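What follows is a short report on a single structure.
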Amino acid sequence: MNSNLNHRHSNGKESNGVREMGDNCQIGAEPIKTELPSKLLDFELMPKHLQFNPFVYKGYRPQMNTWECIKSLTYFHNETLNILTHGLPLLYAIWSLPGLLPWDEMSMPVLPYFHAAATVSPWLGSSIYHLFMNHHSGYGTYERLLQWDVAGVWVTQSCGGFSCIFVGTMCLPWPLRYTLLLIYLSFALKALHAAVFASGPWERRISFAAMFIMRLCILCVRYTPYGGGHPEALHHVFLQDFWSLVGAVISATQIPERWWPGKLDYAFNSHNIMHVLVVVGGMHMHWAVQKDFKWVAENQCLA
């Protein structure tokens, strides 16, 4: 047989026509590892749990061990941009955060640590998930990595959102203020369970809806005389959720690769775009927090 061809197996029958990708496998089954892990696969040769975008045809890594997954950073595949777009912000956040926040000037000193966790967690979870999602240990490992990724998003929604609620309600009467904070925390706990154990991507997205709606309500309060927070932070507070929402919609609809199947396998597909927009949203979250924390440190509520 020509060495540039691989066998495709379906229902026990062999058919030719698949380029040699480094793995022999059954359609929708776990590919069998070979000595050439850097060879990339087509969509139909991937296990079912990695077949989540039928409009991305090529560039999939075969099943690899831990070291091989790490070595995949040295060549280009269809997860490279997903890893880098969140891995690089993670490194920058770790390097820059210690000098960017008023750590010792807050009436509630834990808030800067909440923001640090909200900034670092999603990039950490996402980078690890995308780097090791094709690990040869199979679906069980993939599911744990996905839960790790979702937990990082939850930390951002909970800790970052708590800072927004804390600042936005700072000038309200204390019984109302702490009631709103407790409501948000209860939404966060409910969302954690719903997101981690969701059966699909839409359920995971919807699990954060209550927290998102409450942040929008508090943002509206901030535009009234009863709201707290720095006035110059308002547009950042809006944009932090706006860009994340736009990214989630783009990822869910799988646009633009739905319009050009197989043309955006390595770059500019919906997941790449979503990753970039989420980073932009995270930047606005940080800019809002910088201004709001200075406002809180000076306790600028009107008497």
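Cβ from N, Cα, C; glycine included.
All TrEMBL annotations are machine predictions without curation.
In TrEMBL this protein carries:
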type	residues	note
COMPBIAS	1-10	compositional bias 'Basic residues'
REGION	1-23	region 'Disordered'
TRANSMEM	113-132	transmembrane segment
BINDING	His130, His271, His275	Zn(2+) binding site
TRANSMEM	153-175	transmembrane segment
TRANSMEM	181-199	transmembrane segment
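Overlay of TrEMBL annotations on the structure.
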| residue | record | Cβ contacts under 8 Å, 6 or more apart |
| --- | --- | --- |
| His130 | Zn(2+) binding site | Glu79, Asn82, Ile83, His86 |
| His271 | Zn(2+) binding site | Asn53, Asn82, Ser251 |
| His275 | Zn(2+) binding site | Leu81, Asn82, Thr85, His86, Ser126, Gly247 |
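Cβ proximity to the Zn(2+) site centre (mean Cβ of His130, His271, His275, cutoff 8 Å) flags the following additional same-chain residues: Glu79, Leu81, Asn82, Ile83, Thr85, His86, Ser126, Asn272, Met274. His130 (Zn(2+) binding site) falls within a helical segment according to DSSP.
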